[in-house]
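Contents: one structure, followed by commentary.
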Amino acid sequence: MLTGKHVTVFVTGGIAVYKAADLVRKFIKAGAIVRVAMTESATKFVQPLTFQILSRHEVYTDTFDEKDPNNVSHIHLADWTELAVVVPATSNILAKMAHGIADNMVSTTLMATTAPRLIVPAMNQNMLENLATQANLETLRSFGYTIMEPDTGFLAEGYEGKGRMPEPDKIAEAAHQLLIKTSSDLPLKGKNVLVSAGGTIERIDPVRYITNDSSGKMGYRLAEAARDLGAMVTLVSASKLEHPFGVTVKEVQSAREMQAELMASFDEANIVIMAAAVSDYRPVNQADRKMKKTDTDIQINLEENPDILATMGQLKNKQFLIGFAAETNDVEKYALDKLKRKQADMIVANDVSKADAGFNKDTNEVIIIQPNHKPIHIDTDTKEAIAKEILQIAINNLKL
Ligand SMILES: Cc1cc2nc3c(=O)[nH]c(=O)nc-3n(C[C@H](O)[C@H](O)[C@H](O)COP(=O)(O)O)c2cc1C
């Protein structure tokens, strides 16, 4: 959702300015194009150079610093902005925004932009509770601006209280949600997408397990792609990858845990994507204590795990069900067979014997098999690009 978006971060003079630097980094990492405007007070806490390097662009601090004769810089920045984030927002900027005061680069640009505004107040608890601040917040809410609730915790003043700036992850998440709310052209807006990812772990004892080479990358890219198309995404993950923002992640280990989490979200799901490599078998006995070495060979008996995709195929009503097939030979033939056996709506098949496809790679090459359709071959590309194509084909079929 943030990919390619023009985000302007308006930094005002609170002690939490240093955290705004991390937020800029997160926006950039999420693919946004970021500009930063700072008040004079903000520059006393952190040098503009820090934000310049993180945003890869000169920081705006002076309304009258008109470098380009072809445009007026605060109007140019206001028009360029697709999302305005005021962070940390001082009691002073809240008052200015509530009363239409435009007396520096930050307040003037905020007056001139029509972009949605996300405001992140951060201040001493008494400043926050001051009736003037509360009235200003109420006014800003009545303008339709989104205001984040400050966190409670250890304040810079050395005592516990309300007024802390929420962590950058939470703000990035709120920015994402605001962009979804204010976008009208997202094909998966209001839809639930359920994704599984990673290789399940089947315990032998507390320190040993059976697993496979799946990294979870394909499932994570699918979850992110669905999120960027406006969906509410639940990712049931047996992977150790960093949680993507804007996605509800449920961590699991075993196939049975994965099944329980998936089934808990199955009814509401519109699209289900089973990208996890679920272990077919698990040890019959799972020792409570570490197994001791003996002088003889040992045997580990395995029993079958539930077939999650097939169960979903039987239960589905509205869900568009996508399965994955990792094969090393006769890929198309096995995938078509899997499509029928599991009653899936699509099988994404990949040849895991290929050097640049399948487990643990950043690229993939897949064949998409659907009932009554010719197979679609997608040549080697990043998993991110392939995830987008898979979802686009699903959306076209679903006619959402
Ligand atoms: C050390 C220090 C910390 C401050 N922290 C905050 C703060 O967290 N929140 C706030 O609203 N004001 C804070 N202030 C006060 C603002 O910096 C002051 O109101 C300033 O005029 C705000 O200007 P600006 O809104 O143009 O950035 C702090 C001031 C100092 C000296």
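Even glycines carry a Cβ here, placed using N, Cα and C.
All TrEMBL annotations are machine predictions without curation.
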Residue among ASP267, ASP280, ASP362, ASP379 sharing the CTP site, where TrEMBL lists LYS290, PRO306, ASP307, ILE308, LEU309, PHE324, LYS338, LYS342 as binders: ASP280
Position of peak Cβ density within 10 Å, selected from the binding-site residues ILE308, PHE324, LYS342: PHE324
Mean of pLDDT values spanning the domain 'DNA/pantothenate metabolism flavoprotein C-terminal' (188-393): 93
For CTP: widest Cα to Cα gap among ASP280, LYS290, PRO306, ASP307, ILE308, LEU309, PHE324, LYS338, LYS342 in Å: 38
